[in-house]
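First comes the structure, then the notes that go with it.
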């Protein structure tokens, strides 16, 4: 049996930069020394990207039932779903490519559930195209949760300088505030503790953001949300032996976290967490969905329609996402 994990790489929306960042990342020989990378997508889109990038590589088309551990550097193995037309336009929202991105992910989840791959690494999809293709989800995370019957999950962003986990994600700010409950905050603190502990960090230090400016400043700002929604969750986590502090003003907490005072920050809503991490490390940032029964990592950027097909995309986030998937994946 192989000790190297099989990593399923979904191609994302092929009208974007997904095929290009996959081709560029798989030029790294070390990936093949550490794992068996398998692309799930359309081979013809990868061939087109390789031509744009002037990369000399061959392709090995597979079905889901074929042997997946015979990968080799210089030959990209692809489970070819053959959904897209050869003349798919770059940089345009397309229901066809949106549907294809969903099907790639659905196939990856099926393979993971069957034990044929040990982790999933996703290239970006376009949310508008996804929904125009008939799949009414905000993004990858929610698809993964539904198709794996997972109720409690969270998005974790990881960069070399900072890790952030979110209480709420793809909802409007007013709805996010309504969704923040002590039970949810407590669960996310637990997920942060478990995820970092499992990755080898002993007694990880967790910092929790407030909701209001200055974390409410003892009721001066807001309507007591910190006292009602966050403090009870932190108190419960402390009783469980979790090393957690807060609620703290978000600006102060992120400064202290990037300085090394905390191993991870619990953000209350999407932009509270995404803004700082993208300022500090967009190129090498990674999105990790925690709480799922399968390992999933992703790039921390979108489809970049404005540069798709031009051969200039930076692949560092995809490469780091692959490294994280390999590190987190169980071996066979």
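Glycine too: its Cβ is placed from the backbone N, Cα and C atoms.
Since this is a predicted model, take the numbers as computed values, not measurements.
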Handout entry: Of 135, 140, 170, 323, residue recorded by Swiss-Prot at the divalent metal cation site of 214, 270
Key = 170
Practice task
Measure from the CA atom of residue 141 (substrate binding site) to the CA atom of residue 170 (divalent metal cation binding site) and give the result in Å, rounded to a whole number.
Solution key: 9
Exercise for the section: Using C-alpha atoms only, work out the spacing between residue 296 (substrate binding site) and residue 214 (divalent metal cation binding site) and round it to an integer in Å. Expected result: 34
Problem - Other CB atoms within 10 A, centred on residue 141 (substrate binding site) - result: 23
Handout entry: Distance [Cα-Cα, Å, rounded] between residue 270 (divalent metal cation binding site) and residue 278 (substrate binding site)
Key = 12
